[in-house]
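Okay, so here's the structure we're looking at.
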Ligand SMILES: *Cc1c(COP(=O)(O)O)cnc(C)c1O
């Protein structure tokens, strides 16, 4: 019997090292990592600049309490908020924690309780974040959820209109639902949300834990839309694998999080912050983001050309380097077959294959991955018929 709780469905693969897009298992077999640890290792495994930042900081100071000054947090906060609607940051250790902070801040600032969220959303596993999540399966057996979440269909203008009333503190959404199936917000729905928030004084929280930090070829995915969020949450790629989360907020929220209102021991510790600074110094370079855009367009186009015609493929969608391939059937089998052929991918919802290569992926690696997927998809159809 395992010494671990069995709360994950683990794949029988023991990965022991990585370099760039390539990871190696304990038997010396190499794989193309098109998961990036689920949108985490965006600068690739063993990235030299990130390693250097971690090594240098680790030889100086690992941890300081948040009861002391932190010029490094100030610097990271100002880098993250530059040219955004946000002015201030709070650092924590994960996406769920960033969302907890967002929920608390929204309630405290508005004095209201209700938060509107969406079906198929994912916000994390703590009680607040789980309550916000629009998926019943992750709530089963855990008793009453946190009160006052109103969960409505995504991209449904009528449902939104019906859900808004004077007790709504905030609307919380993913611009692209990552876990829920790589579902993108409609332009008209985004416009409606922007308008409702403005007219009714409702805060907008965007959860960019998966889509932020260059994944969609912009710094943050909301920049593709007309949305002007008041609060944004980040984690996953922010530390390239070193745990760190962040909540960014607009100027007007500043006084709602005063001394003693919220906190964490580890959040924003010197190791995490030095790594995150090195991460965004690379990713926020406009020429880097330009490359993500080009690679994303190339990958999507190659997938369309080589897989799009298969009768098993319903839709290929995404932005930058978060791409969902919706299958008619057999997504789980395809993921296993891809692994056998040397390509790691993850699902998103029941029938969607999700591709999340490191943003540093090469054109050759994209070609290899598409070739593997193409042969598997065409093969699976011919076996069935
Ligand atoms: C992964 C994820 C979370 C949860 O992040 P953790 O670090 O696992 O707590 C929250 N929101 C979104 C959109 C995510 O993809």
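Just so you know, glycine gets a Cβ as well, placed from its N, Cα and C.
Marked as pyridoxal 5'-phosphate binding site by TrEMBL: 95, 96, 122, 207, 208, 209, 210, 265. Around residue 96 (pyridoxal 5'-phosphate binding site), the C-beta neighbours below 8 angstroms that are at least 6 residues distant in the chain are 123, 124, 125, 126, 129, 245. Residue 96 (pyridoxal 5'-phosphate binding site) falls within a helix when secondary structure is assigned with DSSP.
Among the features that TrEMBL reports, N(2)-acetyl-L-ornithine binding site is placed at 125, 264. For residue 264 (N(2)-acetyl-L-ornithine binding site), other Cβ atoms within 10 Å of its Cβ number 17.
Note on residue 236 (N6-(pyridoxal phosphate)lysine): other Cβ atoms within 10 Å of its Cβ, all shown chains, come to 28. Taken from TrEMBL, the feature N6-(pyridoxal phosphate)lysine covers 236.
With a cut-off of 6 Å between Cβ and the nearest atom of ligand 1, the binding-site residues 208, 210, 264 reduce to 210. In sequence order, 174, 175, 220, 221, 222, 232, 233, 234 are the residues near residue 208 (pyridoxal 5'-phosphate binding site), counting only same-chain partners six or more apart with C-beta under 8 A.
A gap of 13 Å separates the Cα atoms of residue 236 (N6-(pyridoxal phosphate)lysine) and residue 122 (pyridoxal 5'-phosphate binding site).
Per-site Cβ counts within 10 Å over the binding-site residues 210, 265 peak at 210. Across the residues annotated as binding pyridoxal 5'-phosphate (95, 96, 122, 207, 208, 209, 210, 265), the two Cα atoms farthest apart lie 25 Å from each other. Sequence-distant contacts of residue 209 (pyridoxal 5'-phosphate binding site), defined by Cβ-Cβ distance under 8 angstroms and a gap of at least six in the same chain, are 95, 98, 99, 123, 124, 233, 234, 235, 236, 245.
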